[in-house]
Structure formats: structure tokens, C-alpha cells
Amino acid sequence: MKVTLSEFERAGVMVVGDVMLDRYWYGPTSRISPEAPVPVVKVNTIEERPGGAANVAMNIASLGANARLVGLTGIDDAARALSKSLADVNVKCDFVSVPTHPTITKLRVLSRNQQLIRLDFEEGFEGVDPQPLHERINQALSSIGALVLSDYAKGALASVQQMIQLARKAGVPVLIDPKGTDFERYRGATLLTPNLSEFEAVVGKCKTEEEIVERGMKLIADYELSALLVTRSEQGMSLLQPGKAPLHMPTQAQEVYDVTGAGDTVIGVLAATLAAGNSLEEACFFANAAAGVVVGKLGTSTVSPIELENAVRGRADTGFGVMTEEELKLAVAAARKRGEKVVMTNGVFDILHAGHVSYLANARKLGDRLIVAVNSDASTKRLKGDSRPVNPLEQRMIVLGALEAVDWVVSFEEDTPQRLIAGILPDLLVKGGDYKPEEIAGSKEVWANGGEVLVLNFEDGCSTTNIIKKIQQDKKG
């Protein structure tokens, strides 16, 4: 799979919210304290990382986008440490200093990759005059493509409704990572990104995906939202929009070490991708990939462009270009936006041979992207008989995905890929063999959409059936 990432360097995003400093003390533990039944940690490493809204801004800047951060801090060492750390990663800070309050700081003590305790140093900023925050937002609205409001219920977003209205008047999308159960505060936002627990705290326990969709759509209507993205941990994330089918994306996480800051990564990547001119569906695709990376790291973390590109491309153990149908639709939409011609073909591809490779290479030359749709094992049995397939679906898709000519591989359960093709609507539908174009599944739908249908020849003498027969004859001999 060959992926072109968004042009993040042209994206401008402002983050407003509760900024904090995350401190980490690391060290070995080898004994219990004589003073109390607690472990003694010999601290040998100290780290300081921006957290809360500051971590969102770091995630945006790490992709190469222009990130501006506005929030409330004290006048203390923590505020200075925050400013320095953020300046080092190209985040432009414009803090409002409140001399009567400390900068929010969270100290974590860790040993052997385990967090032993967290200590919080904070006083809420409720009651602080929000006007300086409003002024900073107003000054930036003409030069940003998205506004992120990062709510940790520490007081910086006490006037969140006024902030939403400022952005709406300027036509700037507002993305909010909500806190608490009072979603009335966020009325009129472009997108809310609650996790499943936060979502269920508002709408009630959801036993099925259908309930998530039904209650999510009601929440969108009740609070005049443009969209809702529910992050669902190991079950991925679900994007809901009025008038559109729900988009459920499976998680891409391989290992989960720490979910700290994962929500910051999701909303940060969403905002940067939107501000770069991409659709919400495309933004969710990138955010889902980024979340899969960041939960594999310890502590609040960011995702680099290279890490994101590798995650989007897929890892070797998932078969490179192997995709779900929903992921494929997003990839095709992104390709079309870049003006690329999408070619699609299908088949069983049971025992891959020279004829297959030559055919796929020729098909790829006809466009910019090649999709290969593969019959599932059950579909293959119905088509070829009980002795087939020789190779199970997963192996067939992995081999196809490894070919240079192939961009994306997807499976289908039906006898023909007509439904799948109708959903993708490639620019060019290709089939190998001696078919007539009108006999090819999906041809009518492609033609109706203004696309083309073409029949290509296989190499003479190359067929899976002939290979199987030869193997059987050799065994008898």
C-alpha cells in the first residue's frame, strides 16, 4: 500500500484549554520502606513533558503543522518548564499568567514500567476572567483551519460556549475533547470526541453498536453538533454524522502499554488533518492510526510523521495493503482527492503464479492505484468446489498485498463482488480471461458512474487448476 500523508505544514491549529505539566520520576525498586509498607524507589531519571491541552498542541506540532497554544498558568517553575519544552518542539505559546494560582502539575513515580503513585499539584482556575482567552482566539481565527478546545475541567474553558460562538462566526471548525456529563456546554460544536465511558455517562450503557449509533445520533441532534466521534479503546472508534452511514474503524493498536494522552493524540491528529484540507472521514482514518501507535508508548507521547505513515500503511503482520471495506473507502476517497485514477479487479488468486503477477502488473499500469478484491474461503468453495481454496484467505491476501503492483487488498463474502464494486465505484474495472465486458460483475454500476470496464488476457498455460493437476499427477508418479 502506498500512502501519501496530508500536507500538514500548511495546516494552522489553535489549541485552547487546560494546560499542565507531567513530571515523571523513574528508578529501581528493591526493598520495602521500614517506615511504612510501601516500596522505596531510588530515583535516577526525571522527565518533564507537556500534558493536557499542551500535549494536544505537541501532537499537532509533531506532524509539522503550525500549533498555537493558549491556556492558564501560574508564574512559577512549572510554567517556565512548559514554555521551554513547547518552544523546543515548535509550539507557539501564548499563556495567560495567573499569579494567584500554581501551574497544574501531575507527578508520577514509576518503577519497572509500573506507575506506583501520582501526585497532583493544582488549584482550579474557575472564576478567572476569560476575556484574555477570547482576545487570543479572535486574533487567530483568520489564520487557522481548526480550533481545538481541550477540556480537563480545570477552569480554562469556563466560557466554552462563547469560544464556540466566536469560531462559528468565523467559519472555523471547533473540535472538543469533552469532560463531564454536561454536554449542553458544547452545543453547536463541529465535533465532540468522547471516549466510550464519557459517552455512556451521558446517554446510558450501550450493549450493542446499534445502540451507540442510535443514541449518538440523538445526542448530535439534541446539541446541534455536526458530528460525533466515539473512541472505543480496543474496539476502535465510531464516527457519526447526520445523513451519513456510521463509520466504524477497528483499532490498529498492536500492544497497549499506556493510554495516557491517547485522546490528546486523536483530537490533535484530527485537527491537523482537517486544517490541511482533508475530509472528516480521512481525518478519522489518520487519527485512528495515530492512536494505535501512541498507546504502545509509555506516558504522554506524540506521533511522528514517519510513525504515522508506517501505521497507515499497515504492518507486515497485517498484510501491508490488506484493508477492511470501510478503510478502503477512505483510502479511495483520499486518492480521488489527489486526482489519482483507481483501478479495481477481483478473483480467487488461490495459488499465485506468473500469469497472476503479469496480469496485475498490467492492470496497475492502467491507473495510479490498484485494488484487488478477493473471494473469501466460503465464496471460493461455492465457486470452485469443496477442495478449494488451497490457501486460506488471510494467506492469499498477504501474498497479494506484498506485490509491488497492488495498493489495496479487500475481501468479499458474496459469490460476486458486485456490491463491493458498487460501493467503491472504481474509475476502471478490469477482469482477466475471455469475458465480455457486460458479463463482468459490477460493470453496470461502473458504467453508470462514468467509469470504464476492460478485459485483459492471462498468460497462456498459466492457471491454478493446471498447477493443482500437475501436482496431483506428480504425486501419482
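Every residue gets a Cβ built from N, Cα and C, even glycine.
Residues annotated as region 'Ribokinase' in Swiss-Prot: 1-318.
Taken from Swiss-Prot, the feature N6-acetyllysine applies to LYS179. The Cβ of LYS179 (N6-acetyllysine) has ASP151, TYR152, ALA153, GLU198 as same-chain neighbours under 8 Å, each 6 or more residues away in sequence.
Listed in sequence order, there are no same-chain residues at least 6 apart in sequence whose CB falls under 8 Å from the CB of SER197 (ATP binding site). According to Swiss-Prot, the feature ATP binding site maps to ASN195, LEU196, SER197, GLU198, an assignment based on sequence analysis.
Among the features that Swiss-Prot reports, active site is placed at ASP264. The number of other CB atoms found within 10 A of the CB of ASP264 (active site), across every protein chain shown, is 30.
Model confidence over the region 'Cytidylyltransferase' (344-477) is summarised by a mean pLDDT of 86. As annotated by Swiss-Prot, region 'Cytidylyltransferase' applies to 344-477.
A Cα-Cα distance of 15 Å separates LEU196 (ATP binding site) from ASP264 (active site). Taking a C-beta cut-off of under 8 Å and a sequence gap of six or more, ASN195 (ATP binding site) has these contacts in its own chain: VAL230, THR231, ARG232, SER233, GLY263. Comparing Cβ neighbour counts within 10 Å across the binding-site residues LEU196, GLU198, the minimum falls on LEU196.
Taken through DSSP, the region 'Cytidylyltransferase' (344-477) splits into 57 helix, 26 strand, 51 coil. Under the three-state DSSP scheme, ASN195 (ATP binding site) falls in the strand class.
For the ATP site, the Cβ centre of ASN195, LEU196, SER197, GLU198 serves as reference, and the other residues of the chain with Cβ at most 8 Å from it are PRO194, PHE199, GLU200, ALA201, VAL230, THR231, ARG232.
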